[in-house]
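K.L.:
Would you mind keeping the following structure in view while I ask a few things?
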Amino acid sequence: MSVHKSIKRITASEIQAKKKQEPIVSLTAYQAYSARIADPHCDFLLVGDSVGMIVHGFDTTLPVDVDMMILHGKAVMRGSQRALVVVDMPFGSYEKSPEQAFSNASRILADTGCGAVKLEGGIHMAKTIDFLCKRGIPVMSHIGLTPQAVNHFGGFKTQGRDKSDWEKIEADAAAIEDAGAFAVVVEAVVEPLAVKLTEKLSIPTIGIGASNQCDGQILVMEDMLGYGAWAPKFVRRYGTLEQAMDTAIRNYAEDVKSRAFPSDSEIYKLK
């Protein structure tokens, strides 16, 4: 008689405990199949609002709503067993008030079964982070370049280059730490600042275009796999997904047109 051994899923507190330990590995995931493949290798999977751009073809993340995040969050939960699943709170779902944030965050956790939510912002979101954490919702924060504020930044620009910007990001990091966030994504900031934040904060820093000295790293899975003609400077291509897909589909199309597919071994015949 075989005994099924369930796999224990990583928790937010376990991610927090990895501060200054072995680097934390994370990727975005939007579908069950990609979550299944990434799950054995990642400490957490982020169901990012970047799903709007990668999967749904939007120009920015701004059109993404809570229903879309829940749909993809459910898929990633079904596809994964081990990694903590963190779901982004989309633009407009948490900024109005802590109560609004709690209503949407609690719905995301209840409907998807995920282990945490992520929201963008520093000092101005500290009250909301505190409100959520005190009510049992684990929160990952996101500072530096925050894609939901892309219009405010005037595009996707490196952060922390001047003194005032540097000091603001430092203040943001301190505020979200004090508010109870269990980790913080640090995106597209100058490397010395990322190193300083990692040294000063008691919670893990998850770098994306920051520094290899951060407590962990995250990339958009499709960028890392080589999907798309362009990727940000901070992306290392570990595969050639788009090229492989193009080759496979082209070969399929040629076989269909030449009637080479399906072959006798791929069809059903009367015995």
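Just so you know, glycine gets a Cβ as well, placed from its N, Cα and C.
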K.L.:
The 3-methyl-2-oxobutanoate site in Swiss-Prot lists D49, S50, D88. Which one of K19, K20, K118 belongs there according to the record?
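P.N.:
3-methyl-2-oxobutanoate site check in Swiss-Prot: besides D49, S50, D88, the record includes K118 out of K19, K20, K118.
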K.L.:
What kind of secondary structure is E120 (Mg(2+) binding site) part of, going by DSSP in three states?
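P.N.:
The three-state answer is strand.
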K.L.:
Could you tell me the C-alpha distance between K118 (3-methyl-2-oxobutanoate binding site) and E187 (active site, proton acceptor) in angstrom, no decimals?
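P.N.:
Cα-Cα, rounded: 14 Å.
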K.L.:
Measure from the Cβ of E187 (active site, proton acceptor) and count the other Cβ atoms within 10 Å, all protein chains considered.
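P.N.:
If we count other Cβ atoms within 10 Å of E187 (active site, proton acceptor), we arrive at 24.
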